[in-house]
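Accompanying notes for the structure given below.
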Amino acid sequence: MNFPWDQLLVKGNWMITMAQIGAPFLVIGLIAVITYFKLWKYLYKEWFTSVDHKKIGLMYLICAVLMFVRGGIDALLLRTQLTIPDNTFLESNHYNEIFSTHGVIMIIFMAMPFVFGLWNVVVPLQIGARDVAFPVMNNISFWLFFVGMILFNLSFIIGGSPAAGWTNYAPLAGEFSPGPGVNYYLVAIQISGIGTLMTGINFFVTILRCKTPTMKFMQMPMFTVTTFITTLIVILAFPVFTVVLALMTFDRVFGTAFFTVADGGMPMLWANFFWVWGHPEVYIVILPAFGIYSEIIPTFARKRLFGHQSMVWATAGIAFLSFLVWVHHFFTMGNGALINSFFSISTMLIGVPTGVKLFNWLLTLYKGRITFESPMLFSLAFIPNFLLGGVTGVMLAMASADYQYHNTYFLVAHFHYTLVTGVVFACLAGLIFWYPKMMGYKLNEKLNAWCFWLFMIGFNVCFLPQFILGLDGMPRRLYTYMPSDGWWLLNVISTIGALLMAVGFLFLVVSIVYSHIKAPREATGDNWDGLGRTLEWSTASAIPPKYNFAITPDWNDYDTFVDMKEHGRHYLDNHNYKDIHMPNNTHTGVIMGIFMLLGGFFLIFETVIPAAICLVGILGSLVYQSFVQDHGYHIPASEVAENEARLREARIKEREAVGHES
């Protein structure tokens with residue numbers, strides 16, 4: 001089968017042409033830098049093939065930040081186009097491509113890897129584990145995500161981006177979208193989604209089987225609890241999306257008719273399958289974000305989390321209801337009054353467990369000795385802003401009223417008030433909060449504060465006017481409008497807000513660079529002035545030792561670590577060290593990733609035979625891995641004792657230095 005060379009290059013747009021010219025230079029420059037500093041061996045042995053959950057988490061976070069930049073640039077392009085009426089900055093199809101990629105990147109390739117990165121770094125440390133349950137699978141999962149990310153971003157310069165929206169509805173995404181654009185969507189998300197499913201299974205088993213034996217479920221830190229419940233959503237929801245992506249791939253590549261009315265298919269089948277996955281997907285990123293807030297708020301309020309058990313049950317209730325609300329995304333598609341009523345009520349019910357969480361956070365703050373570090377600022381700003389998103393969500397849940405709001409900018413404002421305040425604020429707060437645990441030093445708090453205030457104010461300036469625009473009738477997915485529509489002023493204000501958000505994010509980037517150069521290094525591990533309340537703060541900072549814990553810690557209550565510090569105890573007071581078994585690195589993830597990248601690329605351009613050859617390579621890699629007799633290695637007890645003695649001495653010196661300064 002011949003390769004469609006005529007579809008390879010995208011023509012006719014100056015931005016794409018610049019990217020096509022610049023991308024090769026960027027890649028060549030990156031390769032040159034790595035080669036000049038002789039980093040290939042180091043990167044391959046210490047990072048690319050690593051099964052250390054902390055390093056894999058950092059790789060996820062780096063990718064997530066890069067995708068935040070890409071998705072943010074997309075958003076600025078959209079806002080620039082809509083700033084003035086009859087704007088010709090973007091033509092219609094390019095606008096459609098950008099808003100399609102913006103949604104996919106922010107949800108699939110920014111929010112999810114951000115969450116997975118924090119899972120990898122924090123969860124095993126919070127439960128007293130030495131690694132995840134399946135370290136090799138963890139490495140493979142990352143490379144599947146990475147390949148999906150690369151393929152999806154490749155569409156901008158090779159073949160053309162998808163232009164059917166992030167929901168990719170049939171039949172628009174079928175016979176009305178020729179070319180490779182939609183194929184990029186289907187294949188890239190399919191590959192990444194398989195990695196996501198593997199991650200969900202891995203962390204589900206990790207929390208069940210690898211936690212310290214004395215830790216009971218109701219005593220787990222809330223971030224771990226929300227992670228565990230989220231993994232259940234991943235395990236139940238992602239197979240649905242995997243199937244529906246495969247069905248549309250078969251429609252487009254092999255000529256089947258699952259979603260084509262003329263041949264007996266049903267376009268609404270896609271909408272139902274998509275949202276059976278799509279709404280739980282919202283909670284796949286929201287629930288861990290709630291867990292992040294539940295760690296930060298008690299830390300800087302210096303109080304135990306109020307209503308810990310009710311928070312656990314509320315999280316479980318939200319997860320259960322998330323599978324019963326998908327039809328609210330298409331109330332206007334003629335479902336009938338009975339069906340709309342059921343899904344309207346189930347949607348409103350989600351407000352009950354969510355309200356429980358909000359009140360628990362507020363009661364945690366009540367009479368707390370609150371300090372306003374930047375993670376706390378993001379957490380406090382989340383509460384009123386997310387509440388506005390929730391209230392407007394209840395408005396949209398009323399099926400009859402939804403006929404007025406549906407597909408207007410009111411809806412756009414609503415889901416940004418839930419996802420940006422619920423997820424993006426949490427990601428930024430979590431990154432700053434656990435940054436010293438990952439890197440051994442805190443980010444500059446003054447620069448972080450600038451980031452917060454500009455980002456939070458810019459967010460409200462950007463999206464509050466969009467509620468009014470929606471009520472005034474401005475449709476979503478609109479690439480231009482006329483002066484007579486009267487939407488110009490509010491769109492200008494909205495664009496100014498988007499620019500403020502971008503400047504705020506730049507302050508975070510400056511903070512990362514500045515702190516890397518100037519910030520003092522810390523060894524105690526309990527980096528926020530000794531306020532840490534969970535086990536990860538008991539270990540060394542800057543990627544703790546590969547084994548995490550020299551001995552298995554005891555955990556008898558939700559606030560065990562706080563009690564230990566108050567009584568002057570440490571989990572290492574017992575010096576009965578033993579040899580520690582650890583897993584070896586793996587090449588399988590990198591090899592599978594290469595086959596996935598090539599096979600996915602050929603499938604996108606419907607070149608089936610090379611894609612099939614790559615599939616054989618993928619299956620061969622898995623078969624080979626299944627026969628590998630790798631029993632790992634042991635860290636001798638003497639080495640553990642020496643390492644822990646060195647860390648203990650560093651902690652003592654650091655505490656003495658702090659004492660002299662105070």
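Here the Cβ of each residue, glycine as well, is placed from N, Cα and C on the backbone.
Bear in mind that the values here come from a model prediction, so they are computed numbers and not experimental data.
Taken from Swiss-Prot, the feature transmembrane segment covers 58-78 (among others).
Residues or ranges marked as Fe(II)-heme a binding site by Swiss-Prot on the basis of similarity to another entry: H102, H416. Applying an 8 A CB threshold to same-chain residues 6+ apart, the list for H102 (Fe(II)-heme a binding site) reads G71, D74, A75, L78, W166.
Sequence annotations record features per position, and here Swiss-Prot assigns transmembrane segment to 103-123 (among others) based on sequence analysis. Listed as Cβ neighbours of the transmembrane segment (103-123) (distance under 8 Å, sequence separation of 6 or more from its ends, same chain) are residues 53-54, 56-61, 63-65, 67-68, 70-71, 74, 129, 132, 138, 145, 148-149, 152-153, 162, 165-167, 185, 189, 192, 196, 199, 203, 206-207, 223-224, 227, 230, 281, 284-285, 288-289, 292, 419, 423-424, 427, 430-431, 434, 437-438, 536.
According to Swiss-Prot, the transmembrane segment annotation covers 140-160 (among others).
Marked as transmembrane segment by Swiss-Prot on the basis of sequence analysis: 187-207 (among others).
The transmembrane segment annotation in Swiss-Prot covers 228-248 (among others) and rests on sequence analysis.
Around the Cβ of H329 (Cu cation binding site), the same chain contributes A271, W275, G278, H279, each under 8 angstroms and 6 or more positions distant in sequence. Under the DSSP three-state reduction, H329 (Cu cation binding site) is assigned to helix. According to Swiss-Prot, the feature Cu cation binding site maps to H279, Y283, H328, H329.
Long-range contacts of the transmembrane segment (336-356) within its own chain (CB-CB distance under 8 A, at least 6 residues past either end) are made by residues 307, 310-311, 313-315, 317-318, 321-322, 324-328, 390, 393-394, 397-399. What Swiss-Prot records for 336-356 (among others) is transmembrane segment, and it gives sequence analysis as the kind of evidence.
The transmembrane segment annotation in Swiss-Prot covers 376-396 (among others) and is backed by sequence analysis.
Annotation source Swiss-Prot lists heme a3 binding site at H414, citing similarity to another entry. The DSSP secondary structure for H414 (heme a3 binding site) is helix. Within the same chain, residues at least 6 positions away in sequence whose Cβ sits under 8 Å from that of H414 (heme a3 binding site) are G389, T392, G393, L396, F467.
Taken from Swiss-Prot, the feature transmembrane segment covers 415-435 (among others). A Cβ distance under 8 Å defines the sequence-distant neighbours of the transmembrane segment (415-435), meaning residues of its chain 6+ beyond its ends; these are 61, 64, 106-107, 111, 114-115, 118, 121-122, 282, 285-286, 288-290, 292-293, 295-296, 299, 374-376, 378-379, 381-382, 385-386, 388-390, 392-393, 441-443, 448, 451-452, 455-456, 459, 462-463, 466, 508, 528, 536.
Marked as transmembrane segment by Swiss-Prot on the basis of sequence analysis: 451-471 (among others).
The transmembrane segment annotation in Swiss-Prot covers 492-512 (among others). When Cβ-Cβ distances below 8 Å are used as the criterion, the transmembrane segment (492-512) is approached by residues 68-69, 72, 75-76, 79-80, 82-84, 428, 443-444, 447-448, 450-463, 465-466, 469 of the same chain, each at least six residues removed from its ends.
Beyond the transmembrane segment (586-605), the same-chain residues lying 6 or more positions past its ends with a Cβ under 8 Å from any Cβ of the stretch are 3-4, 7-8, 44, 48-49, 51, 135-136, 139-140, 142-144, 146-148, 150-151, 154, 159, 180, 183-184, 187-188, 191, 249, 253, 611, 613-615, 617-618, 621-622, 624-625, 630. Sequence annotations record features per position, and here Swiss-Prot assigns transmembrane segment to 586-605 (among others) based on sequence analysis.
The transmembrane segment annotation in Swiss-Prot covers 609-628 (among others). Long-range neighbours of the transmembrane segment (609-628) within the same chain, counting only residues 6 or more positions beyond its ends whose Cβ lies under 8 Å from a Cβ of the stretch, are 1, 136, 586, 588, 591-592, 595-596, 598-600, 602-603.
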Given the transmembrane segment (58-78), its same-chain partners at Cβ distance under 8 Å and 6+ residues beyond its ends are 15, 47, 89-90, 95, 98-99, 101-102, 105-106, 109-111, 113-114, 116-118, 120-121, 142, 145-146, 149, 153, 427, 431, 438, 498-499, 501-502, 505, 543
Alpha-carbon distance [Y283 (Cu cation binding site); H416 (Fe(II)-heme a binding site)] in Å: 14
I need the neighbours of the Cu cation site defined by H279, Y283, H328, H329. Which other residues of that chain put their C-beta within 8 angstroms of the C-beta centroid, in sequence order? W275, G278, P280, V282, S322, V325, W326, T347
Residue with minimal Cβ packing [other Cβ atoms within 10 Å] among the binding-site residues H279, H328, H416: H416
